[in-house]
Amino acid sequence: MADKTVKELADMVSKTASAVQQQLVDAGLPARAEGDLVTELEQEKLVTYLKQSHGQEEKRRISLKSKTTSTARVTGSSGKSKSVNVEVRKKKVFEKPDPEKMAEELAAREQAMIESQARAAKDAEDRAATKKKSEERQAATLAAMRASLGSSKKSDDKNDDISTSVVVKKGGKTTIEVKPKEQPKKKVAATKPKVETAVERKAREVREKEEARLREIETETRRTQAEEAQKRTLEQMRKMAGQYTDQPATEVRKDEPLAEGLVGDALEESFEKERREIKRGTSSTTARGRGRRKNQDEREIKNRKNGLRSSQSAQHKFEKPVEKIVYDVEISEQITVSDLAQRMAVKAREVTKLLMKMGEIARESDTIDQATASLIVEEMGHNPVPVSDTKVEDDLQDAADERSSNVQTRPPVVTIMGHVDHGKTSLLDKIRETKVATGEAGGITQHIGAYHVKTARGVITFLDTPGHAAFSAMRSRGAQATDIVVLVVAADDGMMPQTEEAIDHARAAGTPLIVAINKMDKPSADPDRVLNELTAKEVVSEEWGGDTPMARISAKTGDGIDELLELISLQAELMELEAPLDGPAQGVVIESRLEKGRGPVVSVLVKKGTLKQGDLVLAGEHYGKVRAMTDEHGQRIQSAGPSIPVEILGLPETPAAGSEFLVLTDEKKAREVADFRTNRERERQLERQNAMRLESMFDQMEQGNVSYLNIVLKTDVRGSLEALLSALNELSTDEVKVRVISSGVGPISESDVTLAESSEAVLLGFNVRADATARRKSDTANMDIRYYSVIYGLIDDVKAAMSGMLAPEHREKILGVADVREVFRSSKFGAAAGCMVVEGTIYRNKPIRVLRNDQVIFTGQLQSLRRYKEDVNEVRTGMECGLAVRGYDVEAGDKIEVFEIQEFARTI
């Protein structure tokens with residue numbers, strides 16, 4: 001879900017904005033105004049709060065079950081072996097912890113950590129104090145020794161050469177060493193017996209005491225290590241024994257050593273022995289194996305003599321992989337099951353099986369959300385990497401913005417909007433001194449036209465938008481890509497539906513609005529009425545104290561056009577429009593079409609940078625190099641700056657109108673982004689297809705008989721295609737639905753005719769024609785191809801075709817009423833009624849109803865109708881008659897009502 005305002009959330013849940021604001025406050029979120037945005041995280045928190053408030057608990061436990069089957073050979077009592085299927089079932093439960101319990105555990109862990117740190121600090125202080133006392137004691141001993149050495153009378157030159165050193169060892173242990181100084185070697189005849197002095201004796205005693213203390217500490221340390229090794233060995237044995245029991249042992253991390261203590265030493269010794277045997281070549285027991293090993297050793301010796309190193313020594317030829325390959329799986333917000341399986345290098349059915357165990361039924365082409373996909377990836381032993389759908393495009397846009405520089409003033413982009421036939425194109429023709437309106441089919445604009453005009457006040461770029469109701473998307477794109485909106489209103493016609501829609505588009509885009517009241521040259525012009533109607537839509541003129549500039553003009557005579565251009569230039573100066581001139585070009589696709597001999601032709605409006613011939617352009621889902629560039633007059637140009645519309649050639653397909661384009665330098669990056677957008681669009685289409693399939697299923701359950709009008713549609717440009725598709729979808733009713741089998745841009749081809757023939761569809765062309773092959777195919781198949789140049793005609797013909805598919809409407813018409821005055825018996829008909837016709841005409845062969853006390857009690861046919869004993873076919877008002885009702889006995893006072901059912905054709 002995207003970020004939404006409080007007002008949008010209220011509209012989604014059909015509640016008032018104040019109620020949604022109160023719910024946000026109850027959920028613990030800060031108070032928001034109606035126009036403030038609510039982030040996705042806050043929306044999820046609000047939904048969680050509402051679920052809990054309605055008594056719905058969050059699902060905290062997910063159980064996963066797996067089953068593996070293997071075959072084992074077992075020897076029976078008779079000595080024969082047989083195969084036995086061994087089935088191992090495992091169950092794994094993922095339980096989401098309770099937030100309260102998590103908070104308690106976290107607090108307990110923090111308290112334990114604080115206590116541990118306090119104990120560690122206290123131990124460190126005790127060790128420091130002990131070390132200090134030991135050093136002081138050793139220093140005192142050394143001082144006493146030095147004092148005794150100075151006062152000794154038996155000191156001689158040999159004793160003076162004694163050097164005393166204090167060595168402080170690690171752990172606070174201090175030893176005193178007494179060493180004689182080195183003397184030059186002299187030749188002596190005989191060695192005199194060495195006499196131990198008092199200082200040497202004292203030093204020896206201190207050294208012996210210290211060595212004894214060290215031996216005690218070492219003995220204690222060895223004993224402690226032996227006990228710890230024994231504990232680790234027992235624990236390791238318990239873990240190894242647990243693998244052969246039904247209950248799984250405690251999980252051990254992959255990075256822990258295989259074994260410790262006695263077991264680890266034994267395993268290590270075994271591995272070392274195997275490595276030594278491999279090196280010596282004694283691991284092969286058979287003669288054949290010994291022969292191969294001998295030959296291999298001879299080759300190794302020969303290679304060593306030649307200065308080569310054998311790559312086969314001290315290792316096996318083949319090592320079976322013992323660890324599973326773990327992938328880092330990138331998961332977007334929506335991903336299909338097949339794509340997820342491909343990224344994990346497994347088959348799609350493995351993922352679907354795991355989904356079924358989790359309670360999700362999904363096919364390979366179905367999409368799953370990011371959370372479910374992450375759980376699947378973790379269960380299969382891989383690392384999920386959540387990726388945002390817009391990360392690639394955001395990085396691309398950031399890189400493009402960093403390369404932009406040299407900001408300069410750019411021309412304004414002005415969009416002309418208004419109701420159909422209010423003079424928008426005529427106004428542009430007068431400004432450009434052209435005659436575009438006279439060449440438009442039906443006299444109305446059906447495409448977005450882009451022009452840049454050099455006026456006395458500078459260059460201005462104009463966008464001409466259609467005014468027909470079907471082109472709402474085009475007008476919305478025009479308002480988004482523009483700087484200023486000029487709203488054209490006819491002075492003799494006033495506000496119309498598309499005029500109000502244009503005002504809404506301008507407000508939604510936050511674009512300044514300038515009103516041009518056109519057709520002031522007509523006698524029926526009433527500008528005050530237009531001002532009143534605009535004020536009702538909160539568009540107040542500056543003349544009436546508002547902030548909307550208005551100009552009274554005449555596109556026919558040219559009056560007021562200079563004033564309008566002056567208002568546009570003034571508004572552009574106030575906006576201070578700027579754009580970087582250097583760097584890669586960025587902009588928006590205005591329109592795209594497919595021309596024979598030229599290929600895809602794309603009309604673009606440059607917003608930043610400079611577009612040059614040869615640039616690599618990425619537009620929507622397609623990319624390619626610009627082979628040629630032309631302006632609106634068809635003249636070849638080499639470059640186009642900001643706010644300049646151009647037509648480019650070189651893209652492989654026609655991009656969607658309204659999509660943004662960007663110039664890149666790296667073709668690999670362009671291909672990556674294009675593939676990403678293509679995959680995203682494919683996922684969206686799959687979602688729409690699933691939704692349509694579900695919707696059609698419900699429709700078939702609710703409605704037993706629905707007719708479909710199949711259509712194959714081809715248009716000249718993408719904008720017209722979007723407008724027609726939207727208009728045709730709006731024509732669908734509960735009884736007749738429009739189904740567009742295929743649509744595209746370009747001329748009608750043979751494949752279109754074949755598709756229309758196989759699907760029994762109507763083939764329609766809007767401003768395009770069929771090629772020679774398609775015409776021959778249509779003649780052979782006796783298929784009619786309809787061509788249109790005005791959108792009115794196409795929509796009207798589709799409505800007529802849908803009306804012909806509607807079931808006729810049945811209506812009852814009362815033809816006559818007769819009162820039963822008397823009932824008598826007839827030997828031929830039984831009960832017969834004498835009646836007076838009080839209204840209309842009574843017909844013998846029409847259905848009748850018998851009314852008693854103004855309630856229908858019988859519906860059937862007349863068996864006989866007579867007047868004066870003669871059989872007649874009808875009796876008019878004011879005449880008496882006798883009649884007999886087939887299968888029913890009437891009574892005096894009843895009314896006989898004659899009616900007929902008429903059929904009426906229905907229309908859309």
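Placed from the backbone N, Cα and C atoms, the Cβ positions cover glycine too.
Sequence annotations record features per position, and here Swiss-Prot assigns region 'Disordered' to 52-229 (among others).
Feature annotation from Swiss-Prot assigns compositional bias 'Polar residues' to 65-84. Cβ atoms under 8 Å from those of the compositional bias 'Polar residues' (65-84) belong to residues 90-92, 357 of the same chain, restricted to positions at least 6 beyond its ends.
Here Swiss-Prot flags 94-108 (among others) as compositional bias 'Basic and acidic residues'.
The compositional bias 'Basic and acidic residues' feature in Swiss-Prot is assigned to 120-138 (among others).
Per Swiss-Prot, the feature compositional bias 'Basic and acidic residues' maps to 176-185 (among others).
Taken from Swiss-Prot, the feature compositional bias 'Basic and acidic residues' applies to 193-229 (among others).
Sequence annotations record features per position, and here Swiss-Prot assigns region 'Disordered' to 241-316 (among others).
Marked as compositional bias 'Basic and acidic residues' by Swiss-Prot: 270-280 (among others).
Residues annotated as compositional bias 'Basic and acidic residues' in Swiss-Prot: 294-303 (among others).
The domain 'tr-type G' annotation in Swiss-Prot covers 409-578.
If you look up Swiss-Prot, you'll see 418-425, 464-468, 518-521 marked as GTP binding site.
Mean model confidence of the region 'G1' (418-425) amounts to 79 (pLDDT, 0 to 100 scale). Taken from Swiss-Prot, the feature region 'G1' applies to 418-425.
Under the heading region 'G2', Swiss-Prot lists 443-447, citing similarity to another entry as support.
If you look up Swiss-Prot, you'll see 464-467 marked as region 'G3'.
The annotation region 'G4' is assigned in Swiss-Prot to 518-521. Note on the region 'G4' (518-521): residues 422-423, 426-427, 488-493, 527, 552-557, 559-560 of its chain, located 6 or more positions outside it, place their CB under 8 angstroms from a CB of the stretch.
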Original post:
Would you list the DSSP helix, strand and coil counts for the residues of the compositional bias 'Polar residues' (65-84)?
Top reply: 0 helix, 15 strand, 5 coil
**OP:** Give the helix, strand or coil assignment DSSP yields for M520 (GTP binding site).
**Re:** coil
**OP:** Please list, for the compositional bias 'Basic and acidic residues' (193-229), how many residues fall into helix, strand and coil according to DSSP.
**Re:** 32 helix, 0 strand, 5 coil
**OP:** Quick one: give me the count of other CB atoms within 10 A of the CB of M520 (GTP binding site).
**Re:** 20
